[in-house]
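Before any comments, here is the structure.
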Amino acid sequence: MIEIDGSFGEGGGQILRTSLTLSALTKKPFRIYKIRANRPKPGLQRQHLTAVEAVKKLTNAKVKGDFVGSTELVFEPEDIVEKGDFEFDVGTAGSVTLILQTILPLLINRNIKVTIKGGTDVPKSPSIDYIRLTFLSLLEKIGIRVNLILIRRGHYPEGGGEIKITEVKGNPSSFSLMERGELLMIKGISHVSSLPSHIAERQAKSAKEFLLSKIKIPVEIEIDVRENERSKGSGIALTAIFEKTFLGSDSLGEKGKRAEIVGEEAAKSIYEEIISNATVDRHMSDMLMLYASLYYGEYIGSELTSHARTNSEIIKKFLNVNIQISGEKPFIFRAKKEL
């Protein structure tokens, strides 16, 4: 059984999520201890338990220690199920995108439909529009096509969001994202839920003005206004579309934060990614690591975070893969077959 120190490195929920995904794919059981030991609320929280429950159901796993506050978990998976219709509720505003990240590799070419309820646009996790604009676009580049439907948005603290994954198809193989090609345009989505539409418009205007002051390319930002949602909130996500890759950013509104600041934050963030010469943005360089390790890929990430470093160490525990990381800002990630 693979033993994992949950307080190692960055020491957050990502260690558990990566372990769950790879345990399911390799059918290797693991024990994780000292879960989130250095965090203000140590142990498993509702968010993490939903990830455990999701992979447990998708693999008929035997699990010990799956309760709130638990600092140790034993996970023994069986084969991934071939078909089914599943629903997972993260509760209030727990992130649906972190659950999606955990289970997505398990769904490839299986007749499985999944509904995830919770927060779609919440702090400390990728927004649903970042996922749709950047993450899924990059997955398509490496041969994985995901059909994702956003049914309702959910913001912190009320949540109430819902997404559906109806199909994940693909034939992923080794990939190289070492060149960007020309920057073609920037696309985005600026949204509000149960708030005046001018907030979304101001976010978009501010982002567009900042970007056009820096680069002369087309900027198209769609306005998404949703009324009568359970939660109130706003946000914006942007993606820079290159000939060979996508770079993304996002920013969320909050009480007392002007819409113009929200828009400018996302614009500044994507501009920094554009001038970094990376082929994959800061968030994506962490998220893509798993896929690069499974299918032998290489890319240039804009910044090597402690999150990403920790992730690479967990991957090595499950996969017999030769991982090479060089540089920091930007950094090159390469995964090759272990000879």
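Backbone N, Cα and C define each Cβ position, glycine as well.
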*Site co-member for ATP according to Swiss-Prot, given His283, Met284, Ser285, Asp286, out of Gln45, Gln47, Gln101*: Gln101
*asked:* I'd like the Cβ neighbour count for His307 (active site, tele-AMP-histidine intermediate), meaning other Cβ atoms within 10 Å of its Cβ, all protein chains included.
replied: 18
*What kind of secondary structure is Ser285 (ATP binding site) part of, going by DSSP in three states?*
helix
*asked:* Take the mean position of the Cβ atoms of Gln101, His283, Met284, Ser285, Asp286, the recorded ATP site. Which other residues of that chain put their Cβ within 8 Å of it?
replied: Pro126, Phe135, Val280, Asp281, Arg282, Met287, Leu288, Met289, Ala308
*Out of Gln101, Ser285, give me whichever of these binding-site residues has the highest number of other Cβ atoms within 10 Å.*
Ser285
